[in-house]
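Listed in Swiss-Prot:
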- 63, 64, 65, 66, 67, 68, 69, 70: ATP binding site (BINDING)
């Protein structure tokens with residue numbers, strides 16, 4: 001069989017398969033390549049390695065309490081809406097607040113919010129939204145709050161082991177099938193628990209069993225590292241984000257992001273951090289210089305100066321992105 005005959009035989013086989021199972025059976029491998037939703041943090045986009053959260057994939061953001069997981073997810077919501085995307089929020093915890101959304105720069109009227117009564121209903125809603133092909137991003141808050149219907153309807157004495165994990169496994173299989181044909185990104189917010197009886201090594205485990213680990217293209221481990229203060233007032237937290245699983249770029253990269261209360265990320269500050277790291281802005285003593293020009297004395301004054309001088313800031317920003325692109329090639 002020569003190469004032309006083999007190619008023709010393959011084309012005929014593909015036509016037969018598409019005739020039997022539908023035109024969407026096959027797609028080009030490049031169909032979702034380089035399509036991302038920005039995280040809102042240049043540092044995090046750089047750690048992920050492709051410039052943001054990949055479209056058409058499942059993402060897990062997990063960590064301990066008060067580490068910034070929800071705000072990190074909401075920053076992605078903000079970026080998606082800013083680019084004209086459609087976003088749904090599955091509020092299983094019933095904790096979303098319109099005032100907080102407004103503080104983060106998110107218009108609450110542009111966010112579709114669902115509050116499912118039980119876990120299976122949440123998965124049905126997510127699957128239906130994916131199949132519309134009209135929703136770009138779905139955030140699920142949180143895995144621990146996706147309680148199986150059987151657990152809700154049963155008495156405390158009748159609770160059985162493993163129902164949550166089984167529900168997650170079944171639901172994720174359904175979502176994965178739908179996502180293979182659509183562009184929606186689904187972010188699951190998850191918590192960590194301590195394993196009982198573990199004396200040595202890592203005693204932490206995420207809720208919901210192993211299925212989410214398996215189906216996730218990207219897993220982000222979020223840990224609060226320190227408080228950000230202005231004088232004696234706590235104005236935010238610094239969190240370490242580690243990419244523990246990455247199927248679109250090399251894994252295990254990490255970054256430290258500053259999350260300010262009622263604001264979220266500060267992109268301007270991150271640009272300045274990168275500019276100093278790449279020596280686009282140079283430091284001598286307490287003074288900062290750009291192209292031999294003295295900008296400001298002290299980091300706070302530098303931040304204020306660049307926020308007030310847009311032309312110089314935009315010039316530095318372009319150089320930073322050029323450097324990031326060069327390093328990611």
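Each residue, glycine too, has its Cβ placed from N, Cα and C.
Considering only the binding-site residues 66, 70, the Cβ with the fewest other Cβ atoms within 10 Å is that of 66. Taking each of the binding-site residues 64, 67 in turn and counting other Cβ atoms within 10 Å of its Cβ gives the largest count for 67.
A 10 Å cutoff on Cβ-Cβ distances gives residue 63 (ATP binding site) a total of 24 other Cβ atoms nearby, all chains included.
The record gives 63, 64, 65, 66, 67, 68, 69, 70 for ATP. Within 8 Å of the mean position of their Cβ atoms, the other Cβ atoms in that chain belong to 191, 222, 224, 239.
Long-range C-beta contacts of residue 68 (ATP binding site), restricted to its own chain and to partners at least six residues apart, with a cutoff below 8 Å, comprise 222, 224, 237, 239, 257, 259.
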